[in-house]
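One structure is given below, encoded as structure tokens.
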Amino acid sequence: MSKSTAEIRQAFLDFFHSKGHQVVASSSLVPHNDPTLLFTNAGMNQFKDVFLGLDKRNYSRATTSQRCVRAGGKHNDLENVGYTARHHTFFEMLGNFSFGDYFKHDAIQFAWELLTSEKWFALPKERLWVTVYESDDEAYEIWEKEVGIPRERIIRIGDNKGAPYASDNFWQMGDTGPCGPCTEIFYDHGDHIWGGPPGSPEEDGDRYIEIWNIVFMQFNRQADGTMEPLPKPSVDTGMGLERIAAVLQHVNSNYDIDLFRTLIQAVAKVTGATDLSNKSLRVIADHIRSCAFLIADGVMPSNESRGYVLRRIIRRAVRHGNMLGAKETFFYKLVGPLIDVMGSAGEDLKRQQAQVEQVLKTEEEQFARTLERGLALLDEELAKLSGDTLDGETAFRLYDTYGFPVDLTADVCRERNIKVDEAGFDAAMEEQRRRAREASGFGADYNAMIRVDSASEFKGYDHLELNGKVTALFVDGKAVDAINAGQEAVVVLDQTPFYAESGGQVGDKGELKGANFSFAVEDTQKYGQAIGHIGKLAAGSLKVGDAVQADVDEARRARIRLNHSATHLMHAALRQVLGTHVSQKGSLVNDKVLRFDFSHNEAMKPEEIRAVEDLVNAQIRRNLPIETNIMDLEAAKAKGAMALFGEKYDERVRVLSMGDFSTELCGGTHASRTGDIGLFRIISESGTAAGVRRIEAVTGEGAIATVHADSDRLSEVAHLLKGDSNNLADKVRSVLERTRQLEKELQQLKEQAAAQESANLSSKAIDVNGVKLLVSELSGVEPKMLRTMVDDLKNQLGSTIIVLATVAEGKVSLIAGVSKDVTDRVKAGELIGMVAQQVGGKGGGRPDMAQAGGTDAAALPAALASVKGWVSAKLQ
């Protein structure tokens, strides 16, 4: 019996664990601190800084099963998903990595053993082919002489992409930086399937399928294109879980593996589909994976960047459900089946199931309201089409007006053998496409980045003053030996009390000083394992090797500690008051305020905000001890410690506990006891995205300041109302009631004045071909009274055309009224449009009533004078 996908995943990790590799959990689909990458799209993403020499780990071998998304840029698989055997928006990348440890020999031997050993995957050796880079004789000889693959199944691939080192078998991180040749392993499905081996004219067929890519990072590419050998060559490999599952389960399409068969059956059940070969089932089965995991990792549907890509995928899935005949919301119902089929890889998703389902349901309901209208408009346009291409402007209008992603437009057109003018669409969508575009590499010159080989020891948990030594200096990203007064720089010390920004807590400020210099620290950041003090040398000079005294701004750090500890208390309180679906989606902790983003689907009620405040303040009054313990990551999770969204953790973690109330993983700085916080107050609660709320709060002196400010405002209002705080509510109600009464009386007076003005105006109407025409500019009349006046005048004048205007604060307000017996000849909307155009405005409305505005008051007299001629022409 063949292995399940879950068993294949586990076997891969177990094999490399047996070879001394650290099993590392999948990182978030949202890359950590990497703005150049839209989504995690390869297993090596979380180790990028290790490969670049910017970070160090306590292991030199690692293995992962990494969740990946490719949609939205160079790796945009969206339009092909469901129509080919191997395109996905979401996939899992199995990988093993060596950071300056083993190299080509072991990497190749490990791969061969896992694939062919009877204990592991037991693939027939004669079915495996390999490629190597044309000049990589070392890899070729390992495959031929050590592994024993016949020469005819080892293929050299040269620079087949039109430039030096531009090859399917040469991997580059970017224009500069680590790169090297790679060897790829292919599986031959047999001659009953069309296709040729790699490098042949028939290589795009489905017979020979790449299952594993092994990259040998051995060069550092310079800006001038030269290749310098890396001092410690590394290995980065990737094998698509879905691809190897298809091979091991003896099927030719990824969509026929056990995981997808189960999901496709679930899709058929919720949509009512009966034909299990329908490609729309594949589309939806793929899309639920990317959508659910993206939401679980904090991405919310929106019209920008990652949220826009998520929205496109959701809407494409909903549209395919619509094609299958789904009559009600269905997509969210697939989260449960997905969790079941993902096994241990779905544990994070299971914890957030309710939140993910709610976001999907809300988005689907929102799109359902526009889908029908958008499809109808597209049908109209296609019916009028004379050629075989839909113009880009129409495709953009569908997006802009109906939120209809171009992918959906292309899908509909594809079914009718019609192309979409993508160039025209791109021109209209350039800005949105720029925001959503995924960088093809890592988009930076890594030779210019700050690289710190040494590590800094952080001692700020116990010290705010410390003596250290300068180990590195950087100016404009470049290492220097010394800096002088007035220069801005980054200073790295061997040990420091300064906390570097992470976990939502801002970096420390303070001073580095010595006998002859003073360096003002304005921020502190991490650079791999080093801590950089960012600021300006106020006096003297500073050079590498100098001894310094590092002094943290103690008062500022104290305020930050209170805010950070209060954040933990508030997180726990939110889960008690609102439910355990609450999870952190982001945070900011500085010396003035704490800001906390969390998953919740509706605005908090005033009583819920009060309950959270009361609960936090109750823990403050309990004066609970705040304790930290260092333990293994898995032990911390077993203890119930909550992890912070988007953070990376080592295998040994710091667990922060506040009595029996809160336990979280946290590397930040905190108060000693909850009582130190003093007071906690929420100052705002708002929404930041669908399903995400934001609270801002203050503590300690900041909270007391808000109490004083509220009290001062209350006293001022009481003084103005000639009352005291005890009966203030009654006073305000009385004033509001009196105000409402006066406004009502004022409105009645205005209406009486307008009626009188209308009576006076009616005598100014002139006859134009049997129709009364009245055109007038009014002074002292509110724009909102114009409509009432037109109605009165129409009643008085019978067959009539009326144009009234007024100017308030430099803005022109216009209205046109036409009696219904005249609308077949003169339409109010056309008339008002003609006038508005002359005063720099626009407007519209019904044939019998239309309004407009304008900005050019000086042009109003001439515009009104033109009405008579225009009307006369229409009435002839």
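A Cβ is built for glycine as well, from the same backbone N, Cα and C atoms used for every other residue.
The N6-acetyllysine annotation in Swiss-Prot covers Lys74 and is backed by sequence analysis.
With a cut-off of 8 Å between CB atoms and residues at least 6 apart in sequence, the same chain places Gln505, Val589, Leu594, Cys666, Gly668, Thr669, His670 near His564 (Zn(2+) binding site), listed in sequence order. Under the heading Zn(2+) binding site, Swiss-Prot lists His564, His568, Cys666, His670, citing sequence analysis as support.
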Cβ packing number for His670 (Zn(2+) binding site), 10 Å threshold:
25
My understanding is the cutoff is Cβ-Cβ under 8 Å with a sequence separation of 6 or more in the same chain; which residues meet that for His568 (Zn(2+) binding site)?
Leu656, Met658, Ser662, Glu664, Cys666, His670
List the other residues in this chain whose Cβ sits within 8 Å of the Cβ centroid of the Zn(2+) site residues His564, His568, Cys666, His670, in sequence order.
Gln505, Arg561, Ser565, Thr567, Ile626, Leu656, Glu664, Gly668, Thr669
Number of Cβ atoms other than its own within 10 Å, given for Cys666 (Zn(2+) binding site):
27
